[in-house]
Amino acid sequence: MINQQDVETFFHECHHTAKEGKVASYIPALARVNPDTFAISILTKNGEKLEYGDVRQTFTLQSISKVLAFLFALENFGEEKVFDKITLDPKGDPFNSIMGFQSTTEGNVYNPMINSGAIVICAMIAEEYGEQALSKVMSFIKKLTNDETIYVDVEVFDSEKSTAYRNRAIAYFLQDAGIIADTNVALDLYFQLCSIAVNVEAIARIGAILANKGYEPVSEIQMVSDSNVKMVNAYMLLSGMYDASSKFAIKVGVPAKSGVSGSILAVVTDKMGIGILSPPLDERGNSVAGIRLLKKLSDEWDLSIF
């Protein structure tokens, strides 16, 4: 049975492991964050909320935005259009991998959970909505989180844009392959979505909706379709933790998506959503203490889907 005392006990047991990681240094704005920040928020499908730590601390979505962009595209364009560019074959590659589209012969990239696939998704959104692209996705995220205060952190956006050499290289590869048309438009939206500032409560709420077949906890208002939720959760399980996804699935056993801000979105199907923040990362770009805390919760509360 989930309870606040367990959350606090497990939190303190895992906090020290953050010292085993390092904060992301390749984005200057992220290199300046407090490595001791630690927070968890849990929202069950019945509306019960458990929180502890620095829960009001804001951070940027980074790669968690990939989940939201993918879900937005599925909701607004449908599977057929999305999978014209994204193959139904998720792989647990590193987040900045260029292998996904170098190896395909079908003119599309593999994975919306890593940078190359997410840039393609952003290109689709930008081409469809033009100057309204960001506001459309922001409105979608605000609806899911029930938080109108969410904003793009301009400092992080500028920092990402000024140092995104590999992402620009990826975008040029995609343009050369005829997969995207305008690299600048696609990348601007990609960086903006990565730079959206939230807190762990917002992440937990998104997770709770994904855990509840697209329905909002308590009110049972359908926010997104069940079929799209299943698709997104499957991609997260198979590749949401990059090239550590297989190990995470074995050890923790729930769909999850990490971001280099040290954030993790976890979905416990039919039970709860979990948001965690701890900036120090392992060599795969995942939060050290965040993974440790999720494993503890999974072990003690029997959360694994396996």
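Start at 1 and count along the chain as shown; that gives each residue its number.
Yeah, the Cβs are placed from backbone N, Cα and C, and that goes for glycine too.
TrEMBL labels come from automatic prediction, so no person has curated them.
Features of the protein shown, as given by TrEMBL:
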{"type": "BINDING", "residues": "Ser63, Asn115, Glu160, Asn167, Tyr190, Tyr242, Val260", "note": "substrate binding site"}
Neighbouring C-beta atoms (10 Å sphere around the C-beta of Ser63 (substrate binding site)): 25
Cβ atoms near Asn115 (substrate binding site) (within 10 Å, other residues, all chains): 26
For the binding-site residues Tyr190, Tyr242, the one whose C-beta sees the most other C-beta atoms within 10 angstroms: Tyr190
Site extent for substrate (largest Cα pair distance over Ser63, Asn115, Glu160, Asn167, Tyr190, Tyr242, Val260, Å): 20
Tertiary neighbours of Glu160 (substrate binding site) (same chain, Cβ under 8 Å, six or more apart): Ile27, Ala29, Phe191, Cys194, Ser195
